[in-house]
Amino acid sequence: MAADGGSSSLQLPCVFSPKSRRYLALCAQDGRLRIWNTDSKTLQQEYVPSAHLSATCTCIAWGPCRTVKEGPQRKKRKSEAVQVEEKADLLAMGTAAGTVLIYSTAKGVLHCTLDGGHSGGVNCVQWHPEDSLLYSGSDDTNIIEWDLQTGKTRSKWKADRAAVTSLCVSPDGKLLLSAGQIIKMWDLATKEVYRKFTGHSTAVTTLRFATTRPPDSNGLYFLSGAAHDRLLSVWQVREDGKDKNSVVSFTLTDEPQDIDLIASNSKEEAVRLAVVCKDGQLHLFEHFLNGPCKKPLSPSCTVQMSDTKDSPSPIPLLAAALGADTRTVLLAYGNHLQPVMEKVEINTAERHICFTRDVQTSLSLSMETSVSKVKIPIVNTKSRVLIPGLPGHQAPVKATPQGSEKRKKDSDTKEMSIAERLGEINLSAVSTEKGSTKGTTSLQTDNFAVLLVQGLESNDVNILNKVFQTRKEMVIKKTVARLPLPAILPLVEEITKRLQGHPFTAVLMVRWLKAVLMHHTSYLASLPDLVTQLGVLYHMIESRVKMFHKLTKLHGKLYLLMTQVATSDSSTTVTDVDRTAKLVYEEESSDEDEASGDEGLPDDDSDNWEEDEATEETMEDEEEEEEEDEDPDRTESKANGQEDMEHENESEEE
């Protein structure tokens with residue numbers, strides 16, 4: 001049963017074990033895998049992956065049930081011999097770094113790690129029902145078939161142009177469904193596309209086979225759900241290949257988060273379906289798959305949880321598992337750190353049911369019992385006390401635990417704190433007679449190195465805050481330079497964790513990160529799994545750089561707008577101030593100027609006319625002398641015309 005939720009970063013995987021439903025596996029916000037026993041309602045196991053902060057778990061899938069030898073047992077007699085029960089053992093976890101972790105719940109250890117196949121984060125994992133094979137889909141658009149006996153890649157092929165967000169293997173183990181936005185059905189024997197189904201506009205997050213019939217009988221159905229989609233679509237694999245559209249759709253109130261179904265083996269058997277949506281509601285469906293249905297089907301029953309306060313608020317459901325009886329459903333609700341598991345009886349005759357529960361009484365009083373600080377998978381009640389001290393340090397620090405043992409033998413006193421032990425270090429070995437100031441500064445940085453190592457080993461927030469609050473560059477550089485190599489990686493993880501917090505602390509942490517990268521780059525480069533260890537730091541810096549680019553664009557646009565507003569305001573203020581006219585013309589003076597101008601016009605015209613007339617007369621006299629012999633009539637007409645013009649000009653003057 002795969003947890004589909006790799007595409008959504010906010011969705012945390014939460015899955016019940018198959019068949020018996022005895023265990024609930026989930027990954028919380030802290031990156032730890034917790035396995036809860038649904039019978040005793042207690043924490044069975046807790047596993048902290050080595051890269052739980054950088055390579056967070058994105059999807060979980062339980063392997064098929066099998067018989068497991070839990071350890072050396074005595075040989076039983078024939079009377080004691082019973083049939084061996086198959087238990088859910090192996091658990092596959094896909095990570096954001098591209099690796100797949102196989103965890104054994106029976107032994108409480110990591111079974112194997114499948115890496116080197118994907119270059120992007122794993123979005124979905126799916127087990128083969130019979131063979132020891134595992135299929136994983138990733139952001140790098142590839143599907144990988146893993147052989148769990150060898151722990152290596154058996155085959156790898158490109159599935160889609162976009163990221164592979166969901167997988168599902170058919171009950172007979174011959175077909176594989178994969179989806180990004182297009183759903184493809186693959187023949188596992190040849191690794192070729194058998195069918196394609198289109199219809200979703202967003203990334204498909206859920207794929208489940210609804211029937212166990214062979215594909216050549218028109219009786220093979222599967223359902224799919226997509227991100228931001230309030231419908232579950234059912235598709236029929238038809239023999240004639242005319243299966244382009246979905247045949248049935250189930251209506252939901254939100255995007256599907258967890259799905260459990262009991263497949264039908266024949267046409268007379270209905271498919272039972274339990275869907276937990278992202279809004280925390282549970283919808284139950286029951287339908288006979290025997291062809292297309294045009295109208296979307298609404299749930300037969302909807303279940304909600306709420307608390308018992310005066311103003312009740314809803315309690316989100318995390319997962320649900322259908323029982324053998326049609327009325328019983330196993331629910332997990334609350335938060336991911338400590339969920340509440342309960343088996344409830346549901347009256348399916350009612351369309352809407354709301355259960356009221358007091359979650360505070362269901363949870364334990366102290367969270368420390370369930371969230372342990374031990375890094376081994378099996379929760380141990382005994383805790384080890386770490387002795388403060390710097391590995392590889394000289395005599396003064398090593399002598400302090402012996403002195404404390406002597407004091408305990410002599411008198412029954414309290415155990416000394418770290419600050420008191422540091423105060424009792426022999427200062428004469430470090431200080432010099434001539435330059436006491438130099439000795440104190442070197443002692444200060446040495447103390448910071450010791451405090452930093454002890455704070456990282458014991459996860460003491462007070463010690464780490466005291467060390468990280470320093471602002472002196474020289475103190476930071478000397479402290480980082482004196483750290484032992486095993487403390488470098490925990491320091492980088494702590495810096496990464498604090499960089500994600502308040503910007504004020506991030507400013508201080510950048511100085512420490514700069515010092516670490518300056519002094520210990522060669523050591524960090526020699527680590528084989530450096531990419532997984534520093535994945536969160538890299539992604540965080542990259543995301544902040546992307547955000548900085550957008551912010552600079554926004555800052556530039558706002559600056560342009562503000563400058564335009566400022567210039568418009570300044571122009572309006574200038575026009576408001578300069579309202580008085582600089583020159584004033586009086587009406588009398590303007591009339592006199594106009595009159596004088598009108599009187600002068602005809603004088604100018606008359607003078608020009610006299611000059612023109614004189615020039616014309618001289619020109620005409622010359623022409624008349626030249627053409628007198630040739631054309632006497634023409635000269636007469638010109639003379640008459642000239643006289644007419646003279647008369648016209650005289651009339652104009654008058």
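Cβ coordinates come from backbone N, Cα and C, glycine included.
Positions annotated as repeat 'WD' by TrEMBL: 115-156. If you look at the repeat 'WD' (115-156), the same-chain residues 6 or more away from its ends with a CB under 8 A from one of its CBs are 2, 4, 6-7, 58-64, 90, 92-100, 102, 162-169, 171-173, 176, 178, 180, 186, 188, 191.
For 390-415 (among others), the entry in TrEMBL reads region 'Disordered'.
Residues or ranges marked as compositional bias 'Basic and acidic residues' in TrEMBL: 404-415.
Per TrEMBL, the feature domain 'Small-subunit processome Utp12' maps to 459-561. Confidence over the domain 'Small-subunit processome Utp12' (459-561), given as mean pLDDT on the 0 to 100 scale, stands at 84.
Among the features that TrEMBL reports, region 'Disordered' is placed at 585-654 (among others).
TrEMBL lists 586-633 (among others) with the feature compositional bias 'Acidic residues'.
Annotation comment: TrEMBL describes 643-654 (among others) as compositional bias 'Acidic residues'.
Secondary structure counts, DSSP: the repeat 'WD' (115-156) has 0 helix, 23 strand, 19 coil.
According to DSSP, the domain 'Small-subunit processome Utp12' (459-561) comprises 85 helix, 0 strand, 18 coil.
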